[in-house]
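Student: Got these off TrEMBL a minute ago, pasting:
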- 52-139: domain 'Ig-like' (DOMAIN)
- 169-257: domain 'Ig-like' (DOMAIN)
- 262-355: domain 'Ig-like' (DOMAIN)
- 366-448: domain 'Ig-like' (DOMAIN)
- 452-539: domain 'Ig-like' (DOMAIN)
- 561-656: domain 'Fibronectin type-III' (DOMAIN)
- 640-668: region 'Disordered' (REGION)
- 661-754: domain 'Fibronectin type-III' (DOMAIN)
- 759-863: domain 'Fibronectin type-III' (DOMAIN)
- 867-963: domain 'Fibronectin type-III' (DOMAIN)
- 990-1023: region 'Disordered' (REGION)
- 1043-1137: domain 'Fibronectin type-III' (DOMAIN)
- 1149-1170: transmembrane segment (TRANSMEM)
- 1181-1278: region 'Disordered' (REGION)
- 1181-1209: compositional bias 'Basic and acidic residues' (COMPBIAS)
Amino acid sequence: MQKHSGTLKIGFRPGERPEDYEGEYQCFASNDHGVAMSNKILLRVSKAPLWPKEILEPRVVTEGSPLILPCNPPPGLPPPQIFWMDSNMNPIPQNERVSMGQNGDLYFSNVHLQDAERDYSCNARFNFTHTIQQKNPFSLRVQTTEPYNDTSFNATDPYGGRRVAESRPSFLTPSGIQSSKMVLRDQELLLECIAAGLPTPSITWFKKGAELPAKKVKFENNNKVLRVLSVSEEDAGDYVCTANNNVGMIRHTISVDVKAAPYWLDKPTNLILAPDEGGRLVCRANGKPKPTIQWFVDGEPLEAKIREGSSNSVRHREMLGDTIIFRSVEIGSSAVYQCNASNQHGYLLANAFVSVLDLSPMMLGPKNQLIQVIENNRTFLDCPFFGSPLPEHRWFKNGQGSGLDGGHYRTYLNGSLEIKRTRREDEGTYTCVASNMLGKAENQVHLEVKEPTRIVQAPVHQSAVRGTTARFDCKVNSDPTLPVTVTWTKDDKPLDLRWRLKKDKDSLTISNINEGDAGTYTCMAKSAIDQDSVSARLTVLEDASLHPSLSSALPPGRPDPPMDLDLSDPAARSVRLTWIPGNDHNSPITGFLVQFEEDRWEPGRWQNLTSFSGDLNSVVLQLSPYVNYQFRVIAINSVGQSDPSQPSPRYKTSGAAPDAIPRGLRGWGTRNDNMEITWEPLQDLERNGPNLQYHVWWRRKDSGEQWDSGTTPSSNYVVQNTDTYVPYEIRIQASNEFGSGPESNVVIGYSGEDKPTEPPRQLQVSNVDSTKAQVKWKAVNMSSIRGEFKEYRLYYSRKSSLVPGLVVKEETKNKGFYTTADEPSGILTGLVPFSKYKMSMVVANNRFEGPPSNMVEFTTREGVPDAPKFFKINRRTLDTLYLEWDRPLEPNGILIGYKLEYQAVNSSRPSSPTILTIPHNVTKHTLRLPDRSTRYKLFLSALTQQGSGEVFAEESPHFSNEVELTNAFVFSDFTPTPPPLATLPSTTIAATESSTPATTPLTTTTTSSTTTVAPPPTTTEAPPTTTAAVLLISRGPNLNVLVTRGPEIWNLTVDPNSVYANVSWRHSFPAGSSAFVLEFALDSEKTRKVVKSVPVMQQPPVTVADLNASTTYHLRVYSHELNSISSTWVIFKTKAAYIDQVDIATQGWFIGLMCAIALIILILLIVCFIKRSRGGKYPVRDKKDLPLDPVDHKDQDGSFDYHSDEDNKPLQGSQTSLDGNVKESDDSLVDYGDGGDGQFNEDGSFIGQYTVKKDKDETEGNESSEATSPVNAIYSLA
């Protein structure tokens, strides 16, 4: 063993072998206070044995048959890696037909003739010794039934066209139809199925009674191997592999049993006790099978120590299975205790130091600290201490008060004091006092609260032309007692303040700007305890006068996506992301949004991670553990967001123990003898690692009992065999492979409830009126509820009505009363007048109701009746209304009559209402109207001794119509009179000739709410002037009834623009008392898909916005109250979107150009006019005899151009053409005698357009030149 360390170094002497040192090693460390020991270490010597020499005969196999070539490698430590090669050291290709099994053997599902073209050698690589052993090669002889044809071989027919018998699948490994497999928890499970058959079978897997966990399962070796990662208990079960080809199918079931080496549930921890104190060490572990717990003290079995020890040691220390209980410990009994949890698959060992100390409190932190904090921040004042027995600690402010705990103060067990939101009045001296029975110690902390450092006038993004001056403001407010330093950086680098850069107290000025000054400038104000910073970007522009650009005239647009994302500075929970911003398109980028995607929990879903200001392009991202991240960035300016950038490379964070505490912890019983503890599972990004488990602790409240615990991967845990409705203290902790997270606060839960045992007593009713009654009873004993008191529940039902002949259906209702008074009472409302009731009461908890109380019967008093069942105007002549109604559904008493009230509504003079009383046994009445041209409002109500009831109100229809008022509104006495109906449109029904007598009924359809008339063959809409009546012959007792059409919507028109439309329609609803809905739809796969519904309260026309340009819509209008009343659908298309383009006709340069052209044309016209007045007098005879050019040229467009050798010589008396060229004129009137239609003016001058003679014979030898006349000049300009 090395000196001054615990390292054991083994050296070999001459003649010694490494095998002599194989065995188990264990380290013990001891001093005067005890002995600690390590886990056992097994030392083995790695070996690479030689392959035994053997002579392998050639393997003879029939073509199409299966074959297994065994490997049987020599055992090594660790086991060797197997692979197959031929004698030329070429790997044997493996596929669906040929593959190597987990045991190293080479399997052929069926043999091809080509398999005999190579030999097969098994190789074993021993990685620890870096050696490879090779087995003698196998050679194959494949027998065939027909000769082999090399030319016919192809991949789809490896048998060269020969007939090879097909065979059903059979398993080469494993054998039989069922096998079993044992695997340890957290290890990998490998299941293998290799099948023989022709054609080669395909392998599939499934699990009986459950789905294969997609995130843990991998298929390898052409589906022949099923690999399950990190096995847990729920992976146990029956796995079935199937082999299938076109001949048949077979199955094999593998029963998997998951065992577990011990793992910790509650690991023992160090314990410090004072003399005469007590405590406990707990060692809890789980596994399969259940591990056994063995205790050691100072490296020796504790049981033996207890047996050998005195009665005094037994009295101070007791071992109860996985727990050691200490009572009234003494000085000198310090020791090291070891807990060993073991089963057949492994063991755990943990050391716990039990120290018995007798020590007065001592402060471990620095004395008289001065702490300066920023106002409104959370602050911690630390006060670490130690003592035995464990001291009590308290905090005082300015040496006064009874102790700080509560409000915005909170103390922690480690001695810290938290001030949740520090204010100015929290300044002062805080004293921490720790005390126990041996004394006390104290320490002071001086707290100063400072104002925050803030930049109140920040620099802003700006653009400046090269050569000008830019200024960034940065005004700072801070605490006057703290010195503040203001520094500037450019692109996160210190700024070199040269002669062009001037920094003063509140600004930075840059003069004579050039391209190198562009970048991001950051102002940072920093004090000793806080800082603030703001950044702004400077963009340098070229001088527009030197470099004109059209870009300044372009409107701003969305930025281009960032580019070239790069990851650097990797850490456990962070990484630096850098990118290059894209073009901002004339609108500065104000921010960047960073999004992430991970491939473990929600692959393919991009989520927002964080956002940054627009002056940054390199940021540090704070990440969660155990996540395989991928990032992208979106740029933002005033116009909108860019498209996302291309994703970054993936970055995987390492795992860690959970940081989060499960939320929503509660306990509640589902039966009377259990308690179900539930919580919200951690989110995917909070798991921080694999194999998430939840550790739950519970104990009865205020019992002082030890905590019971359990572990589960789900989000609930059921505690069995509890008492009924008992409070429990509950706490929870999440853990994974990397460790345990923080524990939750203690939550109070309750076990299950049971049925209450006591009924409410002395239930009685008083103060009964028509619709309510007062209920009184005696309270139950709260302990008899056997659960949480929820309410007293009153059950009541209406047995009958006191109105003779009125039959009611008995229906039981209930109402709850929550009260804890000894003599509770309540008011029961919603009763029906003039009725007989019965009721009883129970007490209820959350799950059960108790036994019922005594039954009580009572009757309600008479009330006012409901509205009449219906009220309609059956017929009306010019001055007569025939009214009909029915009794109310609920008279609520004995009817004594009806009250009919009517009043003119369209009279020019106000009139008082007229009231009529009608006997109770009359339901029809004929009303003669005082004025046939006046419309009336009618109100009908029933009467009892208590007064008139609910009113049925409606206006009389127009004098030429009759309306059935089954859809009329019901009004109370205070309901305002609705406005009259709008004028209905005129409807023309095509007339039909018929000789049928007038008594022949026409087809009609009548319901309780509407009258629907079968439509005539044709209907034509007319302007809405008057309402045309339709004469129908009814089957009812009243003949020749005039039925008006119901409310309608028609004449829907749309005036569309690009993004809005003006909509108008006509309707016959009451003006101001109806609402409409505009419904927009688009065509979608032969159906209409509603995309927009707009409620409208005002009368048409209306304007609807937010439409899409160049889109075809379907539109209808329907009533909000009566959805069945709708207009017909109309189709319209919005206009194309307006594009803001520059109109060339409004540009100054274009107007100037047009004016110049017009002026030139005017001058030319004047010149031509002058020339024309002189053009008839030029001589044509001087050159008339000149010969023509023998060559004439024909232009591409088919015209001819005649050239003369003297074309460039001006003739005497000839005129100059408009283009400045001079042509001679050799024209003679004789030459044109047979040509064009020349003619002379009155003054004898010749005018007209010369034409070229088309007959070459006539023109050959004569040269013709075209004279330039003013007329031709004008024509050419035109």
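Each residue, glycine too, has its Cβ placed from N, Cα and C.
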Student: Could you please provide the mean pLDDT value for the domain 'Fibronectin type-III' (759-863)?
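Tutor: It averages 92.
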Student: Write out how many residues of the domain 'Fibronectin type-III' (1043-1137) are helix, how many strand and how many coil, based on DSSP.
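Tutor: For the domain 'Fibronectin type-III' (1043-1137), the helix, strand and coil counts are 0 helix, 52 strand, 43 coil.
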Student: Please work out the helix, strand and coil residue numbers for the domain 'Ig-like' (452-539) from the DSSP assignment.
Tutor: 3 helix, 47 strand, 38 coil
Student: For the domain 'Ig-like' (366-448), which stretch among 52-139, 169-257, 262-355 has the most Cβ pairs under 8 A?
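Tutor: By Cβ pairs under 8 Å, 262-355 leads among 52-139, 169-257, 262-355.
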Student: Count up the helix, strand and coil residues in the domain 'Ig-like' (169-257) according to DSSP, in that order.
Tutor: 3 helix, 53 strand, 33 coil
